[in-house]
There are 2 protein chains.
Amino acid sequence: MSVTAAQGFEAAGVASGLKSTGKKDLAVVVNRGPLKVGAAVFTSNRAKANPIIWSQQAIADGVVEAVVLNSGGANCFTGSFGFQTTHQTAEKAAELLEVSPGDVLVCSTGLIGTGDEVFRGKVLDGTAAAIAELSAEGGAAASLAIMTTDSKPKRAVVTDSGWTIGGMAKGAGMLAPGLATMLVVITTDAVLDSAEADAALRRATGVSFDRLDSDGCMSTNDQVTLMVSGASGVRPDPDAFAQALTAVCADLARQLQGDAEGASHDITIEVTHAASEADAVEVGRSVARNNLFKAAIFGNDPNWGRVLAAIGTTAAAFDPYDVDVWMNGVRVCTAGGPDAPREAVDLTPRATHLIIDLRVGEATATILTNDLTHDYVHENSAYSS
Amino acid sequence: MSVTAAQGFEAAGVASGLKSTGKKDLAVVVNRGPLKVGAAVFTSNRAKANPIIWSQQAIADGVVEAVVLNSGGANCFTGSFGFQTTHQTAEKAAELLEVSPGDVLVCSTGLIGTGDEVFRGKVLDGTAAAIAELSAEGGAAASLAIMTTDSKPKRAVVTDSGWTIGGMAKGAGMLAPGLATMLVVITTDAVLDSAEADAALRRATGVSFDRLDSDGCMSTNDQVTLMVSGASGVRPDPDAFAQALTAVCADLARQLQGDAEGASHDITIEVTHAASEADAVEVGRSVARNNLFKAAIFGNDPNWGRVLAAIGTTAAAFDPYDVDVWMNGVRVCTAGGPDAPREAVDLTPRATHLIIDLRVGEATATILTNDLTHDYVHENSAYSS
């Protein structure tokens, strides 16, 4: 399953002591080829963790042999010692796998600012232990080892005519911006070159992970990696591959949304009839980041006034007095004025569907977010303690 | 006190039935002259409430005779009926005060999307009742009538050589953006023309209310009005007046911060050594809007990693790996790496002082915000119910 569903991949997940609970905390995913193609997208935060700085260099040639991922520490703002830890992690894996260190990506997640000698020792030992356990059935274990506040692992697989895409994810976040660090590894045995892999990955993440905005916060460690083994021997139609990859990414994004820290509602914000897709995204994101709206949804309150107050802060083309708003199938606002009474809206289901009809154009975008809850505050205030 | 501290002003606050609690909910402040100079600043939200649309027109000539303010309903997105309510409110006040309706400003605060016949009747009757009770001792009652979720009224007075500035405020918000609608009325008996009043007000609000960012949400109804009677007969030194007005605004802004919905910490974010004041404001605001940081402060957790993750999303000039962070007097991050241990920081006091030293220039700015708490979520999820 997950990253070992496609042919040509092995994975493992082990407990190296990074998590105080003793649960699995270190994963390795290895591409056995014949192709060793890779592509990756990273957080756009200027405050980048050491693994991001390393992996951005390592991916430049489009070749990836392996990815090492740890939970239990973000290795971010840990100085040159922290960067050396990442470097040594790649070197350790490369030595044991007999590949070049520059073809090993590293991902970390956990608390920022921690990464001492003890942390380094556990990561290096864990890397060796995981490599010793690599197997074509290791995908499930790997998906467990990257979890932090996740309540369950996230996995997705799509199979098309002769080739397969599989992936795993952790976190309840996104790329830009994101929260709680999103780490994703996707593998495929389709035959692609690095330019094709990169293009397909950017296309797929642009309309999936990039539109998941749980709490407006951008992580220092977000990374999505695609590894291509070509082991199926099948060269897919580019559009078919991109669609399948988008389906895997969208599936994983929905799983991340459904397990976001402390959330009690999964909110789908559909912006319609915008002048441009960029406008639609801007409008949707403004609502996804509005604490007052998100707290209202937590309270099952169809407070559409907060929707209009949120979108009024954007530069998108629309007339605030000519906007319609629907909540869970009920039109609560027509042309900027009250329509159906609040009592007509049932917000008790976890799935919440908001439509904002800007009535100016033909573009559409959907943003996924969550409500703002007591549990969100609790989980994020108690995070480091 | 408050708006009746300066000579030439009368005020009143009455209960008109808009608040289900039966508390005062309608205030009127009248300028008895001899000057009838006014200036005002408004929310920059494109989704503007009817009173904002009305008052922006009414202030254009720089003449203000009176301000009518109601809590218990924002009269926003209430259609043409709602605009007529605002218009009729100004006309009612003008008729009773024997002035021009175009010299009466209107402010409203409360739930968006409500403003029916019953609301209108209460506002009009309340306006008449308040005008019947106008007195030079009415400032305290007026400051009570504009409260919504405020736990106490906010008032400030500064007296200089012969002239006085007094003000009242409600809400825990700001101008752009703001939350929970901030309404402020400031009066003075100093002698100023409308251009001087406008310039002083913009200078004062730009470094006080505009830098209060409790939760990143911008209200549809925020308004700050300055009324000038000239009754002291004293023409102040422009700089002395601007400083005194800034002091009154800063005092009221601190009171708003100290009473923000559900907050348990008042966080002062001081950004130093920025390349420009705009950079300093952008950096400070990015932290003020970061839910993860704000939840950490609620939990008394000096999580400086979240500070760096927040400022990394800005375009301000600095090197993330050359930034120092201080919390309550303890340097927790030096040059983007860990410094003093977390245990050295005491975050139990309500007053929280964060310094972000960008180490690139000479500009400084201070942003005021609050933490993200269980009570914030509770108050804003239960708001309309």
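Just so you know, glycine gets a Cβ as well, placed from its N, Cα and C.
Just so you know, TrEMBL annotations never went through curation; they're auto-generated.
Quick look at what TrEMBL annotates:
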- A:THR181: active site, nucleophile (ACT_SITE)
- A:THR148, A:LYS170, A:THR181, A:GLU261, A:ASN380, A:SER385: substrate binding site (BINDING)
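Listed binding-site residues A:THR148, A:LYS170, A:ASN380 compared with chain B at a CB cut-off under 8 A give A:ASN380 as the close ones. Within 10 Å of the C-beta of A:THR148 (substrate binding site) there are 20 other C-beta atoms, taking all protein chains into account. Under the DSSP three-state reduction, A:LYS170 (substrate binding site) is assigned to strand. In the shown protein chains, 26 other C-beta atoms lie within 10 A of the C-beta of A:GLU261 (substrate binding site). Other C-beta atoms found within 10 angstroms of the C-beta of A:THR181 (active site, nucleophile) number 28, with every protein chain shown included.
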